[in-house]
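J.: What follows is a structure written as structure tokens; I'll ask about it next.
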């Protein structure tokens, strides 16, 4: 066996290893595996120092042949683990799979044929070397493994195997060398020596090549995989390995998006793992675990609430503050594992990024060595390209994992917050307003997404820094320490900037929160602001907050420009100090091209981690704030589901309360005390009492909405709840009634009948499929309330809690509903009903009456019993119930009544149905028109309705262009196509044109300085070395320093100016938007959901404030860098210009494809985002109703659906970035390849300095090219915000507030005389006239009652006085002054209205009465006294400074109404308009108000839209309107005498 094999020996003689194989000397060698120390493997003479390189046979047969096998066996255990968890069903055996398997078996045969041939040789006593046994054995076993893997993967449902593709690729790669040398050897010798092995090798090579090609194709989708009914599944799941790596599967969408703007239907559905249902469930499970652990860790002694000692409880709370359940842990456990895969990719990418600087150093060496064989250069260029491509692919895989984790995080957090908001207590809800919770969802969840992307930098940055320093040390030695010192000095600077920025951000968030909250209220109450002419005061408030917000932004911008200065200058300063120290330490230290440019490219690698690290840390800090906010919200107290017992109830009773004490929050004093209540099953109980005595609180307590401080509550069975203010969803009318129940036609029709909704359906444009707007806007108050009752009746519950539902409907309808639904003979008979009511007419028919006084039950019993007791109740009744009235009511037979009702209701609406080509449309516009004030008379003979308004916005007439559709609110449009240049132009104008030009100029200068510095460096490195030293180094260092610092300074100035410009633009744009919104006519707010306007003020303004300036800065930076790179490369290797053109064309196309698609995806994403938040705020307002009906789950599903819809457009937009990145970086990699190639080709004419300069620039270009496209796209997507804000700043405005030339005198109107002259008006163009040729004159001081049926134009008439509606023809004069000629504020501030729905703003009570601080405290107290609020206000600790919550939620509806009365008393103008403002008030308060008005406004002109006829019977005259014209106008007595329309009404009301 010894010495029988042949092998090439390392020869000292380089003579016979020069040209080709002919001169190779073959001689026996000591080649034994593992024996002796002569293991011949690699010979540099043959393989490197030659023009025709080759590898030694033993190297080919051992190391090269084993590489693929080593790889496969190393990966195997991990891969098997992965396959074990991968379940997608198996794939049916296909032709592809059969071929691959057959080839695998053939490969194994080929390898073992070699092995058996070696045994055959042994038997022939020709002893082959051991390698001939070992290699075929190893390779053969590996081939068996690969073949088995092919089948195993098929069974696990893997469609395309990355592991095997890499394996076949390595095999082919490692076989190329032997392939070449075998051919060279055969041609050199003229004959083939070892025929058998020669044949097997070529068969092997052919087979692995075919395997590689086959493995690139993907298998069919797995069989038995869960049935995918998806119309449009995401292609990622079924795409092949290569397609996944390069994101090729996205191309289809990119092309589609380029051809036409993408739409919803083009989006792929989400992968199952990305859907809300799965993610939130996992996260919830982990969070529950955390809460359980925390509970076990801390179980403090329980403290029962004692009226006198809540202090103990506070102590416990403080103790608990220290350690809370950690939401962070829950997030880590849920999303950590997936994220770690991304981290693994990042690690590989970090290591690869150091390959190119080393190759650069070899390349520069190659250029210097004029004798080096040229294939070296080509190999280096190829390796550079290959390493760059590999880096690109791996980096984008890492990003994909990070972004998907971020997306899942957001889904999870939104889902958790939504679920939590359904169960938090009222006190918790008070501590965070809707606006703040929505912010948690939008802003804080977004923070998490942003952080996750770069979270890996926390470990990757230090790793990169260490590696870079190691290589730098090798290049420059200890001088590097000088550079390191500079870096270390910069870290605290960056950290300080980061900390400060974070502080500013928190402060700014605070301002932003309060600004949005205020805007939300302003938009909800905009009508009231207009009627009172209060806009300036509120505009002032918003601008004040905005001023502070911008002040903070400005400070942050100063800091930001500093940090950018640090970012640009850091690498330069480090390089400068290092080079300066290096050349000055020792004269013999020569700065040559290799050292300078390799160091520079290492410094450039350093730049990213050095700057990202502080940024990530500051991001981390911000996110920790968000985390705290979210965790705090998720840790809020939840409503105790068991505080109301539902299973065990005292037999015979449906509701029992014993010793109940309830408050709205643990720390507030109880609102209900010592409640003892037994309600027998099936009985009807009425709850009565004054305003604010706790009637609604009692209902809430039974629903479990209040804190039960002591006592026991039980409610048997399911509950239906009708709140005092009807809560209507933005859905069809039918969905609102069904509310998730199974549809049952018969039952449904009965319910509609009972609730008197049939007639309304006939006139709604889409019947019961009419879409109801946000907060039930296109229904009148009465209709809303009836829908709310219908929902309750349909739910068929056991217990009905009705919180004063009848006060919002007309008395006639109220009677119908009482008889047909609530009363003893109604649809609910036999059910337990608890009715809170102000109407005394129904009390005789109820089983029990509960009288509440100040949160205690003062008396209980039946009607007769209470009358006998002669207590408070009897007193109350005597005052308000004329006996004959009651008797008469009981006499009317129900049958007659129904007929009457039906006829009346129909006749009532005929005026709308006749002579109308487009009945529906007009009917719909009449339905609620703009007036909040229109009455709801379902019966013309009855007085117009009592209506409590539950929404803050008035009705919503549809947009005129959509005739005959039932969509009320227009879907938000998203612009399509390219962003118009005008938008950029508008933004530039907002920034300032001069400023814009200056910025661009400064950027150009800054890049010129940077190029100058590097060209100077390249020149320096080429300076000849004389006696081992370079001359005038100090001059070199000086100029280099000057150029570099100049660049830094220019950066500082330009970013500074840009920031200032950005803030100016933000100020101008917001001010214009705000100004316009305050001047916009009311009709706009009626057709536009608040959410949409708020979106402009929050999201879009945020983009203009913070995102756009930053994007522009990045864009300019990358644009100029890319341009300067190309210039440098072209100037050093002019040939490069040839390549630049095709590359630029490809670049341009990729960029256009990407920008078109990505921009549209972003638009779709932002449009699908609003519904999440509007649905969310709708849920919060209706939480108690949702809980009462037990519909939490379906609402959660709905929210999940909306989030998924949003993520459906977000996911492709992430992928589009990856898709772009891979392609653009490929172009960048080609730039590197060609820069290196042309340097190799022009080797003889180039000096090392120039090559170093051009290639080190090329290495940087990838990044800037990529960011440039990304920034172009970001800029295009974000500039849309300017477009949207602009759009809403240019909507049409109402007349000017003040017209200087025609201002009326200060004391106008002195008489209060109102005259209508031929007055006609319509709501909007293209609609019918609401008032037709109205002429009438009201003398000063007259009291006029206005009556008429729905749609008669009563409310329109009052709106015209305030010019909320403008005249079509004719005019109104007040004291002879034409109101159309004076400013709106001059007019509105001189007339006072008490509107129908009382609107309060959050702020002090004083601010709500007198926002302009016009009146003294005494005057305010006087007004409060007259409006019967003095007792209430003075009982509060901070009296006038009492804080009203959002919408005045902490006052009862009656108290809010009294506040509006107080406003009117304060203003005390000559004309008072009263709009049936008595709906929400009990009779007593009502009388007080009427009395106050009669005494206080004795000499004023009062116009009342009458609600109960008895209030206007003593008025001077009564105006009866019909279809927009005057039917009758005379004193009440003469009208009754003339037996006309009015007489009929009075008769119905029992007044005639």
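Keep in mind that glycine also has a Cβ here, set from the backbone N, Cα and C atoms.
From a predicted model like this one, the values you see are computed outputs, not experimental measurements.
According to TrEMBL, the protein carries these features:
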- 340-622: domain 'ABC transmembrane type-1' (DOMAIN)
- 655-879: domain 'ABC transporter' (DOMAIN)
- 997-1277: domain 'ABC transmembrane type-1' (DOMAIN)
- 1314-1548: domain 'ABC transporter' (DOMAIN)
- 63-82: transmembrane segment (TRANSMEM)
- 102-119: transmembrane segment (TRANSMEM)
- 131-150: transmembrane segment (TRANSMEM)
- 162-181: transmembrane segment (TRANSMEM)
- 201-217: transmembrane segment (TRANSMEM)
- 451-473: transmembrane segment (TRANSMEM)
- 479-499: transmembrane segment (TRANSMEM)
- 556-584: transmembrane segment (TRANSMEM)
- 1037-1059: transmembrane segment (TRANSMEM)
- 1107-1129: transmembrane segment (TRANSMEM)
- 1135-1155: transmembrane segment (TRANSMEM)
- 1226-1242: transmembrane segment (TRANSMEM)
J.: May I ask whether the transmembrane segment (63-82) has at least three C-beta pairs under 8 Å with the transmembrane segment (102-119), counting pairs 6 or more apart in sequence?
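T.: Contact absent: fewer than 3 Cβ pairs fall under 8 Å.
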J.: Across the domain 'ABC transporter' (1314-1548), what is the average pLDDT of the model, as a whole number?
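T.: Mean per-residue confidence for the domain 'ABC transporter' (1314-1548): 84 out of 100.
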J.: Short question: which residues 6 or more past the ends of the transmembrane segment (131-150) have a Cβ under 8 Å from it?
T.: 31, 33, 58, 61-62, 65-66, 68-69, 72-73, 76, 79, 97, 100-101, 104-105, 107-108, 111-112, 114-115, 118-119, 121, 161, 163-164, 167
J.: Near the transmembrane segment (1037-1059), which residues from the same chain, at least 6 beyond its ends, have a CB less than 8 A from one of its CBs?
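T.: Distant contacts of the transmembrane segment (1037-1059): 554, 557-558, 560-562, 564-565, 568-569, 572-573, 575-576, 579-580, 583-584, 995, 998-999, 1002-1003, 1005-1006, 1009-1010, 1012-1013, 1016-1017, 1020, 1109, 1112-1113, 1116.
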J.: Apart from its near flanks, which chain residues at least 6 from the ends of the transmembrane segment (162-181) lie with a Cβ under 8 angstroms of it?
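T.: Same-chain contacts beyond the flanks: 54-55, 57, 60-61, 64-65, 67-68, 71-72, 75, 79, 146, 149-150, 153, 201-202, 204-205, 208-209, 211-212, 215-216, 241-242, 244-245.
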